[in-house]
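K.L.:
Have a look at this one before I ask anything.
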Number of protein chains: 2
Amino acid sequence: MKTRDDALARDAADPLRGLKAQFDLPPGMIYLDGNSLGVLPKTTAARVQEVITQEWGRDLIKAWNTADWMHLPERVGDKIARLVGAAPGELVVADSTSLNLYKVLAAALEIVKTDAPQRRLIVSERSNFPTDLYIAESLCRQHGFTLKLVDGVDEIPAALNAELAVLMLTEVNYRSGYKHDMKALTAAAHAAGALTVWDLAHSAGAVPVDLKGANADFAIGCGYKYLNGGPGAPAFVWVHPRHADRFWQPLSGWMGHAAPFQFTPDYRPAPGVRRYVCGTPSVIATSALECGVDTVLAAEPLGGMVALREKSLALTEAFAALAEARCAELGIYVVSPREPAQRGSQVCLALKAPLQEAGYAVVQALIARGVIGDYRAGDPARLDAMPHILRFGFTPLYIGFTEVWDAVEHLHQVLASGEWREARFNQKAAVT
Amino acid sequence: MKTRDDALARDAADPLRGLKAQFDLPPGMIYLDGNSLGVLPKTTAARVQEVITQEWGRDLIKAWNTADWMHLPERVGDKIARLVGAAPGELVVADSTSLNLYKVLAAALEIVKTDAPQRRLIVSERSNFPTDLYIAESLCRQHGFTLKLVDGVDEIPAALNAELAVLMLTEVNYRSGYKHDMKALTAAAHAAGALTVWDLAHSAGAVPVDLKGANADFAIGCGYKYLNGGPGAPAFVWVHPRHADRFWQPLSGWMGHAAPFQFTPDYRPAPGVRRYVCGTPSVIATSALECGVDTVLAAEPLGGMVALREKSLALTEAFAALAEARCAELGIYVVSPREPAQRGSQVCLALKAPLQEAGYAVVQALIARGVIGDYRAGDPARLDAMPHILRFGFTPLYIGFTEVWDAVEHLHQVLASGEWREARFNQKAAVT
């Protein structure tokens, strides 16, 4: 893309361009933060109204049957399953990503304790999203395991050894946008005798995922990023059928019981992944999530996740190339991998010395212009390895090449004019 | 009440009668199931629309600041605190009742393991709501404790001994409506050297609760019953300040971290009860819950929970007395305690031999007439101790004496006419 007209032409030729009409986007905003919070589908408000005023308001308690609230976790779960290479009945919507990680990691540790009790290590990345590390830390304390953190993908092979119990990774790193090779790492972990837990928070709806094809063991994911489920939307959990019936997961609530309405005092887990549902799910929030998932499924007749991925890679490559071409001399460099197979649906930039501390102000100046990205602080002790990051997500459902062009134009102007030096600092950070 | 006119007169004289106008009640329905799912407040639909279309739709990620989504758990928590005798900052909204029980019971066991490691028993009631027992069962398996179930309140004193770690009770029993004496039992448990965990699912918004006055240790409760938060609404959790900072709770998600936006790899719990928040909360569901809580707080200028309790006791006594007076000869008897101090906001009826198995059909016949109660199966092996139950909840915010009169009239007609023998059996049960 050499000119804005090139960008307009690419958008006009984009076979997925019609999908954007599914969303209510704020006018004048270039929203490059769908990897933090997806935008509002046009159907959500009306569907939630229907759930509130008709299902709840009119039918009240009877709606558990008339609207089949009982099977919402499976109904929406089966839709998400289509996006991540899982079969119907293998995936449910429930609780939050953190809670689902607790369930599957605890189940994985149970399996290890039974099958390979000498294995006591959980391996993850230091730059994994913190909640994953916090949950692993808690389970390690409880069960006598150790959480070992590696500082980069290069250190993973050495960690796949006879001590490894579980390799726990987020497929696409929330900071850098680095995308792991799920299939190869799962095979390597299995060859080493370990299990895998995959966090798909930045994958589901963003990149094609093939859980069964990769032979993964457990996976969880987020409903409010690329699935457009709304702020704090319920999350999802998948368990390979070979593990699903083996153990209790510890959050053994009544909605995961084999017969919840028998009200028996003893827990008997439901068959399969249903036991990963705990308490009563929020019907309103799960219904909103369903609308978001439907916006991704709407791409199926146009090539589905493969077509979305092709567009996503084109968008991120165009943004990285343009940012470099136009802003390198102003201090910008690209942190995300340029190799397509290693990149999720986001691009991270950073600033060279002497501007290495300017990232926060630059993001604020962009937000003031209506270009929404976010900032993630680096490690002050080693900024070259872990720089402060300007993070931009490109959701191919509603972002086009013209937004890419315009965003880089704004970035160029913010840096060239020095207006970032005036940017009002908002000390509160946004949510990943 | 001897006549329907008496009932009309009592409603006309009820100082709380205006509170009913806060709700959208289905026309022609007598809804006596607010102890299972509260009704829809008139404000909820519009508030949820605002959250969806404005906060989420327009502000997107910025709404974490502009709408202060970050502090929703505390903001709604502080409102619920006013209903249960807790101070601001001591109670948060989070996750489900089951999950909150897991957090507080795990924290209680940590305290016991440190302070009194010889104590290994958790005591609860066999007739406690099953999810509480399932969660306790899970924690017992993990931590080497034993769950001991008593069959009635009379057996509790003997269980308060040197082996007791935690007394875990639901203040108002979901089946029988029996209300424990929280203050006396907490004092007795403390005198025995144990901790208390109280489930307020059938208390919050139904009976006055004074957690601090009772010197309780931990409490949890439900958002979708008497708090009218909507199906599967988020739940709440309270921890006495003397315990709040002592231990991690095990569901250590990033939203309970002391500094979530520093994205550090090590978990450091937030001070106080905020550490009981785990993953990202559903903003939509929590906002709906706030509307429900507000309907209860609207009673504050009229005497608050004390006034609501007075009306609730009058309603339940009127229903029990009328059901007995008009339906005893048709086989009905009252299971719930007649002693006001021992009764929650519900009345349970049962049927004598030879009709002891007719309860389910009678409830179905009532539902067909628009009188919504629910049925809870008893223990077939000992029906006199634990009969099949016809359960009727009386939410004083929106139920009046005329509904009490009409409901008993319908019950009388269903039994006298024998129409229950024709009632279509709906094999699916409703949710407690």
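Residue numbers in this text run from 1 along the chain shown.
Each residue, glycine too, has its Cβ placed from N, Cα and C.
As annotated in TrEMBL:
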DOMAIN    A:30-296  domain 'Aminotransferase class V'
BINDING   A:Thr97, A:Ser98, A:Phe129, A:Pro130, A:Thr131, A:Asp132, A:Thr170, A:Asp199, A:His202, A:Tyr224, A:Trp254, A:Thr280  pyridoxal 5'-phosphate binding site
MOD_RES   A:Lys225  N6-(pyridoxal phosphate)lysine
K.L.:
Rounded to a whole number, how many Å is the Cα of A:Phe129 (pyridoxal 5'-phosphate binding site) away from the Cα of the residue listed as 'N6-(pyridoxal phosphate)lysine'?
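P.N.:
Computed Cα spacing between A:Phe129 (pyridoxal 5'-phosphate binding site) and the residue listed as 'N6-(pyridoxal phosphate)lysine' is 14 Å.
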K.L.:
Listing them in sequence order, which of the binding-site residues A:Thr97, A:Thr131, A:Trp254 have their Cα within 10 Å of that of A:Lys225 (N6-(pyridoxal phosphate)lysine)?
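P.N.:
Among A:Thr97, A:Thr131, A:Trp254, not one has a Cα sitting within 10 Å of that of A:Lys225 (N6-(pyridoxal phosphate)lysine).
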K.L.:
Short of 8 angstroms on C-beta distance to chain B, which of the listed recorded positions (A:Thr131, A:Thr170, A:His202, A:Lys225) are there?
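P.N.:
Correct list, in sequence order: A:Thr131.
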K.L.:
Quick check: in three-state DSSP terms, what is A:Trp254 (pyridoxal 5'-phosphate binding site)?
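P.N.:
Looking at the DSSP assignment, A:Trp254 (pyridoxal 5'-phosphate binding site) belongs to a helix.
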K.L.:
Identify, in sequence order, the residues in the chain of A:Thr170 (pyridoxal 5'-phosphate binding site) that are 6 or more apart from it along the sequence and have a CB within less than 8 Å of its CB; answer 'none' if there are none.
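P.N.:
Within the chain, A:Thr170 (pyridoxal 5'-phosphate binding site) has Cβ neighbours under 8 Å at A:Glu125, A:Asn128, A:Phe129, A:Asp132, A:Trp198, A:Asp199, A:Leu200, A:Ala201, A:His202.
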K.L.:
Which Cβ among the binding-site residues (A:Thr97, A:Thr131) has the fewest C-beta neighbours inside 10 Å?
P.N.:
A:Thr131
K.L.:
Are there any residues at least 6 positions away along the chain from A:Trp254 (pyridoxal 5'-phosphate binding site) with a Cβ closer than 8 Å to its Cβ? List them or say none.
P.N.:
A:Pro260, A:Gly279
